[in-house]
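Student: Here it is, the structure in full.
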Amino acid sequence: MAKLSFTFCFLLFLLLSSIAAGSRPLEGARVGVKVRGLSPSIEATSPTVEDDQAAGSHGKSPERLSPGGPDPQHH
């Protein structure tokens, strides 16, 4: 009987803690403003072909090599 009572109390505790820890939904207007505010910074940090040419790659193979494996030309 004590084991059943303990199990019931534990399940009740888990249920109440999950309800108390529930998050509230986000407001749509605030999310849109944040996304619009981040768009220019994303565009400014994205790499371009001009950046690769300025770095000196000019169509050469990359300096960094793959770790190898059974077939290094697989990808």
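Backbone N, Cα and C atoms are what each Cβ position is placed from, and that goes for glycine too.
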Student: Can you tell which of PRO62, PRO67 Swiss-Prot marks as hydroxyproline?
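Tutor: Matching PRO62, PRO67 against Swiss-Prot annotations yields PRO67.
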Student: Where Swiss-Prot marks O-linked glycosylation site, which residue is it, choosing among PRO47, PRO70?
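Tutor: Residue annotated O-linked glycosylation site in Swiss-Prot: PRO70.
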Student: Validating a neighbour-count step here. Other CB atoms within 10 A of the CB of PRO70 (O-linked glycosylation site): how many?
Tutor: 5
